[in-house]
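*Asks:* Pulled the feature table from TrEMBL, pasting it below:
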- 23-46: transmembrane segment (TRANSMEM)
- 39-287: domain 'G-protein coupled receptors family 1 profile' (DOMAIN)
- 58-85: transmembrane segment (TRANSMEM)
- 97-118: transmembrane segment (TRANSMEM)
- 138-156: transmembrane segment (TRANSMEM)
- 194-222: transmembrane segment (TRANSMEM)
- 234-250: transmembrane segment (TRANSMEM)
- 270-289: transmembrane segment (TRANSMEM)
Amino acid sequence: TPGNFTVTEFTLEGFSQYPKLEIILFISCLLMYLVTLLGNSILITISILDLHLHTPMYFFLSNLSFMDICYTTSSVTPMVVKFIAKRNTVPFTGCALQMYLSLAMGSTECLLLAMMAYDRYVAICQPLRYPIIMNKSVCLKVATGSWITGCLTALLETSSALQLPLCGSSINHFTCEILALLKLACASSLAMDMIMLVVSVLLLPIPMLLICISYCFILFTILRINSADGRSKAFSTCSAHLTVVILYYGTALSMYLKPSSVDSQETDKFITLFYGVVTPMLNPIIYSLRNKEVKGAVKKLLSRNVFSQRL
């Protein structure tokens, strides 16, 4: 009977109803994944090697880059396996792991983006107290707290979702996305709905509200800066972070806080592609494009490598 059978593996439908589109998406996602690996690896490397970048901002940015690599890997891997191995099934444990990693990385990113906004608020609005407030110990505790919170909430969501009785094993998605999996449940679960709602509110609107408040104070402070160069520098560092916030939160909010009655499975797939593949690729580009410190660190690293090769 439905709900009484044991699921040992899931079938990922992906974009199988659009075979030509699936090929285009596979090639595009693979290229974007390689760019993501390269861009975020460079950001992590220069943040470690360049002493001038040993600041709270680049500490959080390195965490964000590492998270984006893990997040994209967990999203793209099922798609790559399906195309290369010609296999669209994934074991139960593999699906559980992929779902957990995606939720953990996504949840942690929400919290880290809020912490980065607070870091910019302290740096611009309280510059004299910045070294005291955002010292190494505080940054480490904040980052650790974000990781632990993200991992624990993901564990709660994943374990609760996989305990539900399922009436099928075919997931209408290209990854083991939790909302797609919940559509296989034989009946709605009030406990699961409450868990999803509480976690979504804690990790999306509340951090977003903190970010908005931080940037309101930042904007007022920037407008009071007399120096044009000072305003330009403050705007450039904040605009990069704000762009990433809008891209990430905009797509996540539209997916996880929409009414459950709205059935938009095909739209959800493209939204997942955007915040799971496109955004992690854009993050290092956005942060580097108008950042003289990052550009200078990259040039220094490249020139050092060229010089050492000549020797």
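Placement of Cβ uses the backbone N, Cα and C atoms for every residue, glycine included.
Remember, TrEMBL labels are computer predictions, not curated facts.
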*Asks:* Can you tell me which parts of the same chain pack against the transmembrane segment (58-85), counting only residues 6+ beyond its ends and a CB-CB cutoff under 8 A?
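*Replies:* Distal contacts: 12, 14, 22-23, 25-26, 29-30, 33, 36-37, 40-41, 43-44, 47-48, 98, 101-102, 105-106, 108-109, 112-113, 115-116, 119, 139, 143, 146-147, 174-176, 272, 276-277, 279-281, 283-284, 287.
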*Asks:* Can we call the transmembrane segment (234-250) and the transmembrane segment (97-118) in contact, meaning three or more C-beta pairs below 8 angstroms at a sequence separation of 6+?
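*Replies:* Result for the transmembrane segment (234-250) with the transmembrane segment (97-118) is yes.
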*Asks:* Counting CB pairs under 8 Å, which listed stretch among 97-118, 138-156, 194-222, 270-289 touches the transmembrane segment (23-46) the most?
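*Replies:* Looking only at 97-118, 138-156, 194-222, 270-289, the most contacts with the transmembrane segment (23-46) come from 270-289.
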*Asks:* Considering every residue in the domain 'G-protein coupled receptors family 1 profile' (39-287), what is the mean pLDDT value?
*Replies:* 84
